[in-house]
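**Q** Below: one structure in structure tokens.
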């Protein structure tokens, strides 16, 4: 990857957003299957997109919260390989969560739970900051020079 002149490629940006969104929901589905799937009789999209399922009053709600936070950590790892630039991590993580907000609004209405907002705000912060940290570590690695 060359860090010289940056060419603005909208198709690359859209492809990165779609890939990151798909990987995020795939990871969220895996975590929800393991953490929530053992507690409920039937999994549904309610646990993905309904703000009422993100609650601290039940054990299942805590498992949903843990799934969202673990998915944001995994999303930071995905950004390390998909985005590769530290300065773009905040943009892509905010875009992911804004798209998630719109899907949640279409699915169940405006999220009126303060817990939903705290969990998703924490998720976007974790994903952006951890993604930036991982990308900065990669960018600051020494370039190996072989001598003959």
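Quick reminder: no glycine exception, Cβ is built from N, Cα and C everywhere.
Okay, these came from TrEMBL:
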TRANSMEM  12-39  transmembrane segment
TRANSMEM  59-83  transmembrane segment
TRANSMEM  90-110  transmembrane segment
TRANSMEM  116-136  transmembrane segment
**Q** Taking contact to mean three or more C-beta pairs under 8 angstroms, with sequence separation of 6 or more, is the transmembrane segment (116-136) in contact with the transmembrane segment (59-83)?
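**A** In contact, yes.
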**Q** What same-chain residues lie close to the transmembrane segment (59-83): Cβ under 8 Å, and 6 or more beyond its ends?
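**A** The answer is 16, 19-20, 23-24, 27-28, 31-32, 35-36, 39-40, 47, 53, 89, 92-93, 96, 115, 119-120, 122-124, 126-131, 133-135, 138.
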